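> Would you mind keeping the following structure in view while I ask a few things?
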C-alpha cells in the first residue's frame, strides 16, 4: 500500500482525535474482503482519525517497529499539544514567528510598520490606536531602522500581549504597586501568600501515592514554602525568581494554569461523588441517534460517530436496528435516505473506546425492528465482541428491588430495549417515530424472542402514571418520552413523572420534526429528574454546551448524582414550578467580566475584526433562569476590556449551570458566537479566574475570558427548610 503524502501534510496535530492501531476501522474490513491486505497485516496498519472522527487516514508501515514508532510519536505530539495553554504559546517563539512569516510578504525577513499593522488586524484581530502602536513599535525597534527583525517582532508581540488588567490587580495587592511599571512590578512571598489566601481562597489538587494506588487530595495554600514552589514554577525571569518574587508575566502564567482557572480541580479531574447509589439517582450523559454525523434524513450510519460520542463522555448511545441482507442486522434511521451500516461493525469498532473516558457502565439503547432470526444474530454479536462485559443476568448478592449502582456495574455494558417489537418493513413509505414511546398493546406478538439475558436491567415499557407504574412495573422497567409528550406530562401531571424518576429510569429524546438534528433544552428534563436526556451530539447548537457543562462535573465520568431533594422527592414534594419551596441553599453569584484574550474571528473567510461582547446566562429551575450581557467593544479580539459587574440571585444552586458566550456584534446580521464555556455553579472557584473557552464544536481554543467570581449565601432567601 502506498502512502499519499499530500493527504498527510495538510493535517494539523490539533485536529487529530485518535490514533488507532490495527484493523480498528471498517475500511480494513473492506480491504480484507477484497483480499487487498492479509490478516497478518494487522500489526502493520494504523488509522488517524480527525475532524471530530468524521475523516480518517489509513496507513501501512513496512514492519511493526516502524508502525509503533509512528503511533508513539504521533500520540506524544497529540498529548503535548493538549497540554499547551495560552501561556505556553505566548512564550513559544515558533508560534509567534508564524505570524511574522505570514506577514512578511516580500520575504525581506523584516516587517515595516505597514506590514505590522496589517498583521495586527488580519491575524491578531485587533485595531491598535496610533499612539499605542507607535510607542510599542518604537520600543521594540532596537535598531531604529523603522523595521522589525524576527527577534524584535517577538519583543513587539510580548509588549502587545502584556496584561494591563493584571497589572491593575497587582498594583492593588502589592506594596507601593502604584509606583511600579509593568516591567518592574512584582509580589514577594508574603504578598502572594496573602493574595492567594484572602482574595483567591486558593486550593491545589495534589497527587499522592498510597497503598491502594494514586489518590488526589485538596491542599490549602497556607505556608511560604508552597508559595515559593509556585514562583519557581511560573516565574520565568531569573532575576525575579532568584529573589522569590513573582512579576507580571509570572502572575499571568500562574492565573492561566489549570489549578487557578474557574473550574474546581477537585470536581473536574477526579470522580468524587458517591457512586454506590442506584442508577436512577444519577443524570446519565446520553446520545440520540448516535450513528448520525449530520442531519436526520441523509448521510451515512457511521461507527465513528459512536467513538466520537464515547470519547466526549457519553455513556448511553442509541442503535436503530433493522433486518439486513444475508441475515446480518443493520443500523440506520428508518424510512429516510440514511445509508445503513452493519450492527456488527458498530459494536466491533466502538468496543475499544467503551471505557477510555470513564469506567462506569455504557448503555446500548437498542430500538429493535428486527425479525426473530436477526435478533438472535444481534445477541450472538454482542456476546462474542463484548464477552463478560455484557450484563446477561442479575448481579449476585444485590437487592432485587432496586437498580444496581454505577460502582456495581463498572466496566459493564447494559442493553436497554423492548422484549418484543413490531414488524417493520424497510421499504415502507410511512415515517416511523422512535418506537420507545408506543403503547405495548400495539406491539405484535409474532416476533417474540426471548433474549431476556440481554435485557436484564433496562427493559423498555410504555410510560404510564405513577400509580399504575408502582403496581405493574419494577425498577428495571424504563420508559422513553418524545419531547412533546414529555412537555405535555409536565403540564398535566408533573408530580407523577418526578416520583417515577426516584425509582426507575426515564429517557427523553428530540421530536421527529427536528430533521436538522437540533436539540430540545435538556435542562427542562433534568429539572424533572429525567436521568437520560438524549441529545444529537452531531449538532453545534447552543444546547450542546449545556450538556458538556453539566457532565464536566464528577471527573467527566458521565454520571452525575442528583440533588437529595430530587432523589427523595416523595418526602420533599419537590416541584420545579413552585418558587415558594425552599429545598436548597440560595446564593448570590456576582461576576465581574474583566477582559478576554486572543479571540478568533467567527469564521475563516471574514475580514472583519471582532466587536465582542459577553452574554452570561443561568440555566436551571425556572425561577433561576436569567441572562445579562456586557457592552460591545469595537475592533478588538486580542485583549478587549469590559470591567462590568453582574449579580445573579440563584435559589437552587445545585441545579444551576452558568453559561458564558462571547459574541461578535453585527448591526445588520445575527451576531456570531465566537466561543463559549459552561459549567455548574457548584464547580466555580471564587476570586480572579480565567475561563478557557471552547469553539462551537466544543474543541479547545487558546481564547480566554478573565473574570472575578464572588459567591455568597443569599440570607434573604434562606429559610428553615433544608436537607
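Cβ coordinates come from backbone N, Cα and C, glycine included.
TrEMBL lists 1-79 with the feature domain 'PH'. The domain 'EF-hand' annotation in TrEMBL covers 91-126, 128-163. Annotated domain 'PI-PLC Y-box' per TrEMBL: 452-566, in sequence order. Under the heading domain 'C2', TrEMBL lists 575-695.
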> Counting by DSSP secondary structure, give me helix, strand and coil numbers for the domain 'EF-hand' (128-163).
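Split by secondary structure, the domain 'EF-hand' (128-163) comes out as 23 helix, 2 strand, 11 coil.
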> Per DSSP, what is the residue count of the domain 'PH' (1-79) in each of helix, strand and coil?
37 helix, 18 strand, 24 coil
> Please work out the mean pLDDT for the residues of the domain 'C2' (575-695).
94
